[in-house]
Structures are given as C-alpha cells and as structure tokens.
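J.: What follows is a structure written as structure tokens; I'll ask about it next.
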Amino acid sequence: MMINNNTTLDMCINNVTYDRLLHISSSLWHVFGFIGVLFGIPGHILQIIISFNKTSRKQPNSLYFIAISIVETVFLLGIFWLWCVNISFIKIDPREFLSCGIFYSIIIGSTTLSHLYLASLFIDQSMMILYPTHYRLIVTRSHVILRIVLITFIIILLSIPHHFYFHYEPRITFFLCDFNSSLYYGKVRIWLFVHAILLVGIPSLIVCISSAILLHNRCKHKRTYKNNLSINARRMHRRSILIFVYSIGLFLFILPGCILEIYMVYDRFFYHNMYCSIRWKIYRLLPNYFLILSSITYSNKFYIHLIVSTTFRNGFIQLITCKSNRNSTKSIAMNERNNNEQYLLSPLNQTKTINIYQK
C-alpha cells in the first residue's frame, strides 16, 4: 500500500518553503540532539556511580535513580545512532540492522520504563508525606527492587509483539517505524492508547500530582513557621517549586509526541492516498522537534538531581575531588539533627525518614 506511493510522495513535497522548514527542523535536531547525548550520557554514568557510593546505596530511592539512568542511557545511545545516520556519519540504520520492531521496543520501552520508575519514585515520596509513620515499612530496598523488576518484566512482555507489527521504509517512514499495512487497525489503536495514556500520560500525571503534594506540604510548613523559618527550610521550599515546574514541563514535553503518533498512524490507515496534504507535510516536520524534546527530557535528570539534592551534590563533589565521604556524612547527620523542621526532603533529596509534625 505504502510502497506504491513513493513517486507521488517525492513529487508532492517538492516545495521551496516546505524544504526550508524541513532543513531548519533537521538542523535543529542535529544540534540539540548532539547536545542532549553529549551531556546526558556522562550525566547518567555519574549518577549511577554516585548512587553506588557508601552514603547513597543505603537509600531505597537510589535504586530508582540507577534504573532510570540505565534505561535513559540506552535511549540516548539509540538516539545517537539515529543522529549519526542522519548526518551520514554511519551508514547502517539501526532500524535495518536490528529490525524496526526491536529498535522501536528499545527506544519506546526505555522511555516508558523511565516514566514508570519516576512515577513509582514520586509515589514513594508522597507516601512519606501522607503516611510518615509507616513509610519505613512500606518503602524498603526489597520492595523497590521487586517493583522495578515487575515493571521491567511487564514492559518487556508488552514489547514482544512490536517485532511483528513494524517495518521500516527509508523514503516514507515519518517517525521511527511504520505499522505493517496488513495489520488490523484495532490492534494498533489499542497499543497506541495504552502507550499514550497508561504508560506515558498517567505516570507523568502522577509525577505532577506528587510534586504538587510536596509543594503543598512545604507551603503549609512555611505558613506554620512563618516567623521562625530556617535557611534550609527556605531552600527546600524553593526546590519543591523547581520540582513542580519540572514535573509540569515533563508532562508537556512528552505527551504531545504520543498524541502526534496516534494521529499519524490513524491517517496512515485511512488517508494513505492524501500524500500532498498540508497535514502530511506537518507530520514530516514535527518528529524532529519531538526528538529534540525527548533528547533534552531524558538527558537532564542528573543535573536536576544535582541542583535539588544536597546529599547528591556532596557525593558528586567527593567523586570529582576523590575525597573520603566521612566528614561529609557527619556534617549531613549533624544538620539533620539541628534542623528539626526538615521533616520532608524533596523527592530527589531524601536521606532518612523522620516523623513529621511531632509535638
């Protein structure tokens, strides 16, 4: 169905304005895609190393950071491979070398795992705020490991059919892959809505709600101790605002790409002869921008973590200066004892659980 329209597609997109816009989107993708990989992969490697140090590895949440860094590194490596093919640095396209179904499963599966891990992390932080006395019983290393393994196993199972659904045609594939034309649209629609709503939309929404719970808690604490608020408490309030803004940005950056994929696949099945429409030209422009947003989104968590977490920042300083962490660990413990109002640490800066609102 799609191969027979190659000539038509090549003829109808020969427009000066459209070619200029396509060149701009490709140029932006070349620049920002490389920047995302350049800063993202080293950042994730550093996050994994720091999360394994003596101080961080005792925390259950460090397991989430390790898992997120691993899957996002895999995503960035796949994006970097596409980037190298796009600039003709490498001639072997991963979608032809691995098969499009396998490559799609790696790229989409890694980002899906990242969203689910992050949502699970934020749920744990909300549990600390809502149920502080039971937090240590609910969130343990064994529970976190079990949750990570279960999430990974489910996503792998959901990704197996992709090997049979997808194919790649260099001249007509708009995004990562195309669905086989013989495939029943109902099956495709189910996967698209499962991915867009259950695996991306809801986890991102959970992150937003959890960050809002944290921000509300810090605002309530600020109102309660308005005349006796420490510097650390003020700093934590600012960090909770940053985390909330980041969660909203994450939701706005990722969900539109999933919605676009739904529209693209729908039009592929029902309007496959309308290759000269404005809609098709838009579809060829937008994927580059969503790849840019994705490369930025999945490369910045190390730097966000570095900004909002004092413990993580101390671990980073110890790593680059090759100093022992004994003095730093003692100073952190002393600060926690001297500042009883620091009940709730931000979702990216939790070193111990303390019962809140003790009177």
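Each residue, glycine too, has its Cβ placed from N, Cα and C.
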J.: Taking 267-285, 286-304 as the choices, which stretch does TrEMBL tie to transmembrane segment?
T.: 286-304
J.: Go through the chain and flag residues at least 6 beyond the ends of the transmembrane segment (28-50) whose CB is under 8 A from any CB in it; none is fine as an answer.
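T.: Residues 56, 65-66, 69-70, 72-73, 76-77, 79-80, 83, 86-87, 288-289, 291-292, 295-296, 298-303, 305, 312, 315-316, 319.
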J.: Looking only at the domain 'G-protein coupled receptors family 1 profile' (43-298), what is the model's average confidence as pLDDT?
T.: 83
